[in-house]
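Beneath this line is the structure, given in structure tokens, with notes to follow.
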Amino acid sequence: MGGTSLGSFVMVFVLVLTSLLAVVPMSEAQLRQNFYADVCPNVESIVRTAVTKKFRQTFVTVPATLRLFFHDCFVQGCDASVMIGSNGGNQVEKDHPDNLSLAGDGFDTVIKAKAAVDAVPECRNKVSCADILVMATRDVISLARGPSYAVELGRKDGLVSRASDVEGKLPQPSFNLNQLNAMFAAHGLSQADMIALSAAHTVGFSHCTKFLNRIYNFSRTNPVDPTLNATYAGKLQGMCPRDVDPRIAIDMDPNTPTRFDNMYFKNLQQGMGLFTSDQVLFTDARSRPTVKIWAHSGQTFYKAFVDAMTKLGRVGVKTGSNGNIRTDCSVFNS
């Protein structure tokens, strides 16, 4: 092969390689396990210790942190923008009606873990709030006897938080399968990912007002949603009367509410999904086979859940000058 043709070959190879690299989002390319190995090698154990301490104070730490992670990643990507507190005229993500029910224990978990990390001199202001939220989420799942898994790190904290960005970005309790699939697909997540992530409802609680329509005034012909187990519906009515205090909340999983397991799918098979968006996963023939498989095998579900969480953690990640590392998770750096 002559010099000219070799040069042409190398040029073509470089062009092909460049075009292939362009397909990989920069954010995804930057994320990696052990990202902080050189600057804060013990970061994962520091975060886990802080999260475990918080978990021992209240189990609400688990669903609150998990939900905070979902609500963060679905709006502006996984950049801790949901952590920013209100400041005068600017309505932040946290102020949107869909985020008002986020439990304070989730925010507190991240703030305490951040304080623990920054208490180590070599780690101070080196680890983003966005990454601490990802680690804390993994840790609460493990503490609730769910799967433990390696997390990808390297996110920066976002520079923007607007309540207006939340509108129409979070799944609603009334969603059908098409609406759920469309919303998750917008973030590169498949139907299987959506079903796996929905199973986060195996822990935590819901305010009665989120599902009252299913047990009292579902339709003109059916006051109670016919897809709801009749015995379960009766129990829900007992816990949530028509004029219920809007602050009253009940466990989403009536069987194993403090364990992260596949009971969610077994409940769906029995007509015991609390939201329409839960039960539709079993009533719709397109998603029912997946529910059946994961109801039968917890380990198969765990693998799918970890895969889905990893993919969710790559959504809208900020790197380089698109973000920074906040000194206080609830306030933008001055």
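Just so it is clear, glycine is given a Cβ too, placed from its N, Cα and C backbone atoms.
TrEMBL: automatically predicted annotations, no manual curation.
Sequence annotations record features per position, and here TrEMBL assigns active site, proton acceptor to His71. Per TrEMBL, the feature Ca(2+) 1 binding site maps to Asp72, Val75, Gly77, Asp79, Ser81, Glu93. Taken from TrEMBL, the feature heme b binding site applies to His201. The domain 'Plant heme peroxidase family profile' feature in TrEMBL is assigned to 30-333. Residues annotated as site 'Transition state stabilizer' in TrEMBL: Arg67.
TrEMBL feature annotations superimposed on the structure.
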| residue | record | contacts (Cβ under 8 Å, 6+ apart) |
| --- | --- | --- |
| Arg67 | site 'Transition state stabilizer' | Leu102, Ala103, Gly106, Ala200, Gly204 |
| His71 | active site, proton acceptor | Val82, Glu93, Asp98, Asn99, Leu102, Leu170 |
| Asp72 | Ca(2+) 1 binding site | Cys78, Asp79, Ala80, Ser81, Val82, Met83, Ala130, Leu133 |
| Val75 | Ca(2+) 1 binding site | Ser81, Val82, Glu93, Asp165, Val166, Lys169, Leu170 |
| His201 | heme b binding site | Met252, Asp253, Tyr264, Leu274, Phe275, Asp278 |
### Task
Would you list, in sequence order, the residues of this chain other than Asp72, Val75, Gly77, Asp79, Ser81, Glu93 that have their CB within 8 A of the centroid of the site's CB atoms, where the site is the one recorded for Ca(2+) 1?
His71, Cys73, Phe74, Gln76, Cys78, Ala80, Val82, Gly158, Ser161, Asp165, Gly316
### Query
Within 10 angstroms of the C-beta of Gly77 (Ca(2+) 1 binding site), what count of other C-beta atoms is obtained when all protein chains are considered?
22
### Task
Rank the binding-site residues Asp79, Glu93 by the number of other Cβ atoms within 10 Å of each Cβ and report the first-ranked residue.
Asp79
### Protein Cβ atoms within 10 Å of Ser81 (Ca(2+) 1 binding site), excluding its own
29
